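Visitor: Copied straight from Swiss-Prot:
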COMPBIAS  179-195  compositional bias 'Low complexity'
MOD_RES   S171  phosphoserine
REGION    1-22  region 'Disordered'
REGION    140-195  region 'Disordered'
ZN_FING   105-126  zinc finger
Amino acid sequence: MSAANMPTTTGAQGSGNQVPRTSTTIVNHRELIKEPKNLDEAANYLFQTLLDDAVVGIFNETHHLRKSGNLAALDGVPEDSTYRMCEMPNLDIFGISTAKKPMDCTCPNCDRLVAAARFAPHLEKCMGMGRISSRIASRRLATKEGATSAHLHSSGNTGGTDDEDDVDWSSDKRRKKSNQNSRNNGSKKNNGKTF
């Protein structure tokens, strides 16, 4: 039996005819293999049958997708350029530079450029809101009030002398320091022991 006499496949007629068609192909191939002279012819027949099945299957599937309107679904959704990954050096996948930038902030109070790491302490000092700044501000207010009250008392005829109205700020500081030293002397140096 020659390849010209073999039945050729003309396409897939459905999944129901697939099993008988495969069995006829196998039977025809076995008949060709029986004679050693026909091995080349049998290989060509098998290759041609497989190629025809594959091509006809693809054509049928494409035709079905085109008729049903689903052919465009094979292409998929086009990718937006905004969502593409960036593959440039020194940039991350979103296109943002990975190099370190010095971060500077502008102080809203004095309009100076301040490093981001120093912005909070600067703002505290600049606005007078921190612990140390509030102490300084309270001293300023106390000195202003003391100066204005002393000025009012001395300008009026209250009969007092200037020495009585003066507030001795340095003596208060000395007194505070001496009180703190006396507290620490007994507890830290001697550990509560007296000699």
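Using the three backbone atoms N, Cα and C, a Cβ is placed for every residue, glycine included.
So where do these features actually land, and what's packed around them?
Guide: Summarising model confidence by region, the zinc finger (105-126) averages a pLDDT of 87.
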Visitor: Across the zinc finger (105-126), what are the DSSP residue counts per state (helix, strand, coil)?
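Guide: Going by DSSP assignments, the zinc finger (105-126) contains 11 helix, 5 strand, 6 coil.
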